[in-house]
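Annotated features in TrEMBL:
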TRANSMEM  54-75  transmembrane segment
TRANSMEM  87-108  transmembrane segment
TRANSMEM  129-148  transmembrane segment
TRANSMEM  160-185  transmembrane segment
TRANSMEM  197-220  transmembrane segment
TRANSMEM  232-254  transmembrane segment
TRANSMEM  266-287  transmembrane segment
TRANSMEM  307-335  transmembrane segment
TRANSMEM  356-375  transmembrane segment
TRANSMEM  381-402  transmembrane segment
Amino acid sequence: MSYISCWEWGNYGSYLAVVRASPLPLVCFRNSISLVNMLEAPPRKSWRECIRSFTWAWHTVIMGTGGTSALVHAFPYENASPAIKVVTLIVFFLNLLLFVLFTGATIARYIMFPDTWRKMIRHPTQGPLMGAFPAGAATLINIALVAHQEWNFGSTCFLYTLWGCWWLDSIVSYLIAFGMLHGMMVEQKHALDTMTALWLLPAISLIVASSTGGLLSTALKAQSMKFAALTALFSLTMVIIGLSLALMMITVYLARLVISGPPEKLLVLSAFVTLGPFGQGGYSLLINGRNLSEILPLYVSGTFPDVAAGGQMIFSFCLCGAYILWSMGICWIIISSNLIFSVLKKEGGIPFSITYQGLIFPNAVLALLSVQLGNALNSDVFRGFGAAWTVVVFILWLSIFARTGLAVIDRSIFVAPDNAAPLLPLDISDSMNPAGTSHTMAAIHQLHLSNFMPLHVTK
């Protein structure tokens, strides 16, 4: 007789995935509880266990909520109305509260459970999710800057405080982008057929920080043209580096889709992450290109190249680049939607998890780029598309946010695959019997997919 062992109570969701995927009987030696009772009355996780399972994936909530607040503020119609301001501030303060709570929970996780840090670094898809932290923090700086510039909140000291926070965020973004790239090469084990779009998140953190730098550069022009020029040039360099990394990874991801087919059901939603570099990258190019076109004639002297013409050339190149990225974003909306529909048709509905939060930010920044292109080109087509996509994103954010709240209340959404203990066969015949091994490994693979997680073996 073959069995699968349940090692610890804290992984009830893991047990359930195994039970559903495997025809083998399940016996809990440690707890001596029947399978029937487990299925009827799943144990509710303690808050300590929830903190242990609080992964970097939760910071995608900050990214999505921050992107939504920026999108509401940039709505192209009736933009100066009090309703737009009120909704923007409500979403901003909600996001600020969540950022404080999530940062505290993340710190608590690695203090209370120090062994989880190395597990996370070595995990092939938990590690890249670190990029969501600085990206989410940058969205808070954006709206705080709006409050200062448009609603007269704070003094010049507040502006320089935001500038200092941006430098810190940029440093963290660089450390995560290149540190995680090194970790993916040295610490982790990867294969083309298990690649996910989450590889992009460390690069996205650079791109998001660059757009924040562009907004700060605009604000700094009234205070110091030197600081404004420095910020714009640093931001333009950062977006070029981020886009370079992201475009190379997206090319590999497209090859993975062609060679290996659509991702697994629980991973397919991450295909929309590819919109992030296109939307945020195009937005950053427009903001920083416009700043440099205005700063160069005022700050730089000389005739080679002609300073005024040089500034306009930079903006023209950035505008063309932004339009190309917007077009590529539309392309990936079609590809990602087709992938999701094909998986839904073949395998049915996609279970709710924190994965759904990854839909919001990429679509939000593409809508933001559409609005910005509409302003730059004075195009009603882009403004109309951006407004329509804004409504879609806002409804999507409301529905996913509400569903996440319900899952937090019953604590079913707290899953940390980098903490999960491997499920090993008790009977040696399982290890030697190909049929038994097939069932067991399929169950483990399904378990690891529950939170962006393909199964890998780390070094």
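Going from the start of the chain as shown, residues are counted 1 onward.
Heads up, the Cβ atoms here are built off N, Cα and C, so glycines get one too.
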Result, the transmembrane segment (54-75) in contact with the transmembrane segment (356-375) (3+ CB pairs under 8 Å): yes
Seg_contact(the transmembrane segment (160-185), the transmembrane segment (381-402)) with at least 3 CB pairs under 8 angstroms, min sep 6: no
Cβ-Cβ under 8 Å with the transmembrane segment (307-335): same-chain residues at least 6 beyond its ends: 243, 250, 254, 257, 271-272, 274-275, 277-279, 281-283, 285-286, 288-290, 292-297, 300-301, 366, 369-370, 372-373, 376-377
Most Cβ pairs under 8 Å with the transmembrane segment (381-402), selected from 54-75, 87-108, 129-148: 54-75
